[in-house]
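Take a look at the structure set out below.
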Amino acid sequence: MEIAGLNTLGISIARIDYAPLGQNPPHTHPRATEILTVLEGTLYVGFVTSNQPAPNRNKFLSKVLNKGDVFVFPAGLIHFQFNPNPHKPAIAIAALSSQNPGAITIANAVFGSDPQISDDVLAKAFQVEKNTIDWLQAQFWENNHN
């Protein structure tokens with residue numbers, strides 16, 4: 001937005017540094033496909049397909065990536081990256097096919113919305129008791145980065 005020549009190119013790029021056992025939690029980019037390249041370390045990555053007819057309904061696809069490996073996350077699908085190494089960090093570059101890809105972190109959106117989504121709705125959706133939903137919502141207070 002600050003460099004006029006770079007605005008409206010229809011692409012974004014980000015460097016992601018993962019601590020040992022760190023993760024980029026399940027999220028989606030509603031307006032972009034993402035191509036992830038591992039620069040250092042190892043990442044366990046995956047995504048879930050959309051609600052398609054059986055037998056491909058919500059199919060989970062995952063892979064362990066090493067330095068130099070590339071993985072594609074289709075636009076709008078829930079995906080994640082996790083560094084399984086307890087001793088070494090990992091670094092990746094994410095390239096996205098939009099200058100404004102958006103990012104929706106699933107847990108934050110569902111359990112940390114403001115105002116909160118009704119306990120009745122979430123308990124039914126996740127097929128758990130309301131006190132479980134209350135506990136999950138309590139984990140998402142402002143600036144909670146644990």
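Note: Cβ is positioned from N, Cα and C throughout, glycine not excepted.
Taken from TrEMBL, the feature oxalate binding site covers ASN24, HIS29, GLU34. In this view, GLU34 (oxalate binding site) is surrounded by 24 other Cβ atoms within 10 Å of its Cβ, with every protein chain counted.
Within 10 Å of the C-beta of HIS27 (Mn(2+) binding site) there are 19 other C-beta atoms, taking all protein chains into account. Here TrEMBL flags HIS27, HIS29, GLU34, HIS79 as Mn(2+) binding site.
Per TrEMBL, domain 'Cupin type-1' is recorded for 2-134. Taken residue by residue, the domain 'Cupin type-1' (2-134) breaks down under DSSP into 19 helix, 51 strand, 63 coil.
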Exercise. Around ASN24 (oxalate binding site), which residues of its chain at least 6 apart sit with Cβ under 8 Å of its Cβ?
Worked result: ILE16, TYR18, PHE80, GLN81, PHE82
Exercise. How many whole Å apart are the CA atoms of HIS27 (Mn(2+) binding site) and GLU34 (oxalate binding site)?
Worked result: 12
